[in-house]
Amino acid sequence: MLQTYNTYSLEQEEFQPLQAGQIKMYVCGPTVYNYIHLGNARSAIAFDTIRRYFEYVGYKVNYVSNFTDLGDKILAQGEKEGLTEEQVAQKYEAAFDEDTAQLNIKPATVRSKATEVMPEIVDYIKNLVDQGLAYESEGDVYFSAKKSPDYGHLSHQNFDELEENAAGRLDPVEAKRKQDPIDFALWKGEHREGVKAWPSPWGPGRPGWHIECSVMIQKYLGSEIDIHGGGIDLAFPHHTNEIAQSEGHNHERFVRYWMHNGFVNVNNEKMSKSLGNFTTVHDLLANGVDPQALRYLLGKTHYRRPINYSMDTLNQAQIELDRIRRAYQALTEVQASEKGEDLTIIGRLDEMETRFREAMDDDFNTENALTVVFELVNLVNQYSKEDKQQETVITALQKKMTDWLAIFGIVDLLGQDQLNETEQALFDQRAEARAAKDFAKSDQLRDQLADLGITVRDTSQGQKWERKQAY
RNA sequence: GGUGGUAUAGCCAAGCGGUAAGGCAUGGGUCUGCAACACCCUGAUCACCGGUUCGAUUCCGGUUACCACCUCCA
């Protein structure tokens, strides 16, 4: 039975979707004001892996996510780049699509933008005002947090303290407008020159940050969903406020399972602009990092644990991935020489499948699942070395590898890499030298290739090469 | 201050009441012209103190350290 940890209850719970066989899932997407950083990527990868596992075991997943495509951060970036808010958003939406495709993250079933749901946002806020849960104040609209029973439960914060903390950082303008410092904005009046504003019953303005997610969920998934995901930092205030809005709007439970991913640290430090270690996926890939290795690194750690990113951890991920790839490649080169089916191996595969699923069913324990993957790698390597192999077994082993690794977003097991002309020439010369048993020359050529990052090894079927990624 | 989390071999990291999975690295071996790959073998009493128990890394209490949230940062 599949179990998931729920931030709301702080407990691991049996997973029961609203409708058998179907999952409604929403994950908070990025504000598109820059290239996505490792944290964004981790979140997307964590929930992509979860989604893929659900699909693997037979669920149909409706996966909805958003782009926050407006806001002061986007405006500020526009100033820097000489672009409009809309242009900035478009640019980084495209970059998001590109980067996530490289990382082999499946596109959401529905990817909605805040600006696409403006009429719905206004209606939604109107509903909250009409119910007396929100109030207008000088062109702004605020949600009355006090009217949300259990406000703050998700982050396990005491209401009075939240209120006190909020009071301590209130700016003077908002202090006048808010009835209570803990109230949060649903709508902000907008009168700045050259900044787009949308019409509303409270005058021209823009939506608050939290409302878009509630509205999109309502529109695309309905009033109650199975899983809501996002970074752990979003539990408060973002998700807390979503609960207040949605449960106020619908008078029913909003989310069955709250799932939050842990952070990515860079060289054991929090990734932040002030530390200057903000690492974007775009930059890493531009510098030649193997996207599959990056995906593997960010996906192999349990989703709630922090990940440390460094040259060292990336290197180790690359080494592990290469080992997996080599096993798969060796298997593809095996020629079946025997009919029949080795039931011992097939039986072992079934038993491994059971343990693989047990691990993933346990709140997506990827570490344990990968232990089974490495057992499979070992089994594959052993089998490839045997004297005789059977087609049925080869196929079964290959399928198992591709199926499992696909859950982790690893699909490039063969590597499409090619040698360039210079490299190919050296490689061919070495083959000749070896054939002539000129070992001095062949060793020298091997060193030359090694300097180019190509490892050459001799096998019974001749030379093989592998490009070594070192970071 | 409040809340949540984490502390296991050189590194990454499982286990969560019965004398510590896996990966990387290290060392040894087989294979190889030499290497590489692969295969085989090789390592820790689990932050500290107390308690419960026949027995605790695993439960309870306490201490210490680190991290995160309590400011639209995933």
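A Cβ is built for glycine as well, from the same backbone N, Cα and C atoms used for every other residue.
TrEMBL does not curate its annotations; it predicts them automatically.
Residues A:270-274 are the range that TrEMBL records as motif ''KMSKS' region', among A:270-274, A:300-304, A:415-419. Range A:30-40 is the one annotated as motif ''HIGH' region', of A:30-40, A:283-293, A:448-458 (source: TrEMBL). The Cβ of A:His238 (Zn(2+) binding site) has 17 other Cβ atoms within 10 Å, all protein chains considered. Those residues of the chain, other than A:Cys28, A:Cys213, A:His238, A:Glu242, with a C-beta within 8 angstroms of the mean position of the Zn(2+) site C-beta atoms are A:His210, A:Glu212, A:Ser214, A:His228, A:Gly230, A:Leu234, A:His239, A:Asn241. Around A:Lys273 (ATP binding site), a 10 Å sphere centred on its CB holds 8 further CB atoms from the protein chains shown. Within the model, the domain 'Cysteinyl-tRNA synthetase class Ia DALR' (A:355-419) shows a mean pLDDT value of 93, rounded to a whole number.
Around A:Cys213 (Zn(2+) binding site), the same-chain residues at least 6 positions away in sequence with a Cβ under 8 Å from its Cβ are A:Tyr26, A:Cys28, A:Asn66, A:His238, A:Glu242.
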